[in-house]
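Chemist: Just dropping this structure here.
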Amino acid sequence: MVKYPSGSLAAFRKPVTTQKKMRTGKRSYTHKKGVNFSDRGMTLEQQINESNKYYLTEEIAVVHKKPTPIQIVKVDYPKRSKAVIREAYFRQASTTDYNGVYKGYYLDFEAKETKNKTNFPLKNFHEHQIFHLAECLKQQGICFTIIRFASLERYFVTPASFVINAWRKAEKSSMTLKEIESHSYEIKSGFRPTLPYLKAVDNFIADRKRE
């Protein structure tokens, strides 16, 4: 039996800081109407995973989803050479969803989605995720969140620095769609791979080089 956590988090009280403020590229790329990623019947995670398989096969990038840590509680040994897990708990993940290497750059990112049409709730980000992204930014990693507006069928690569700054503001409960449009890189439609997010990442990297 696998038991899911209650969702509670031990508070990280260590301040989330970066060595320097990073200006995000205020550029949004036109969304092509008539393209429906959701018609393919896949979740955002499935779309990213399928795209990552394509990138790996084509030797474009090596990006993997980090496994959720499991705490094993009870194990039976019906045979000497075979162990059966009878009870385990999903532990709280301590970092982000994905990481990898692309064109010599270290990538680290989250995948988030919402059914909202005008804003993205910041409560969808946990403190440990914000802390980890901030630490990776200190090492000059390419850090971001792939945000999906499910009702609008729109996808964005949103730089981590923008997300962190928004999350830190106590009075701010969400990022508006307009804010995300102006600070993010919209993912253009594609067939191979399913979600060609690295094209948006290319624009993100290019803007960072110009800063």
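Cβ coordinates come from backbone N, Cα and C, glycine included.
Since we're looking at a predicted model, the values are computed, not measured.
These came from Swiss-Prot, pasted as-is:
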BINDING   THR95, ASP97, GLU110, GLN129  Mg(2+) binding site
SITE      LYS112  site 'Transition state stabilizer'
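Help me see these features in their spatial surroundings.
Modeler: Around GLN129 (Mg(2+) binding site), the same-chain residues at least 6 positions away in sequence with a Cβ under 8 Å from its Cβ are THR95, THR96, GLU110.
The Cβ of LYS112 (site 'Transition state stabilizer') lies under 8 Å from the Cβ of LEU44, PHE120, ASN124, PHE125, THR145, ILE146, ILE147, ARG148, each of which sits 6+ residues away along the same chain.
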Chemist: Radius 10 Å, atoms counted are CB only; among the binding-site residues ASP97, GLU110, which position scores highest?
Modeler: GLU110
Chemist: May I ask you to report the DSSP-based helix, strand or coil state of THR95 (Mg(2+) binding site)?
Modeler: coil
Chemist: For a quick check of packing: other C-beta atoms within 10 Å of the C-beta of THR95 (Mg(2+) binding site), how many?
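Modeler: Result for THR95 (Mg(2+) binding site): 16 other Cβ atoms within 10 Å.
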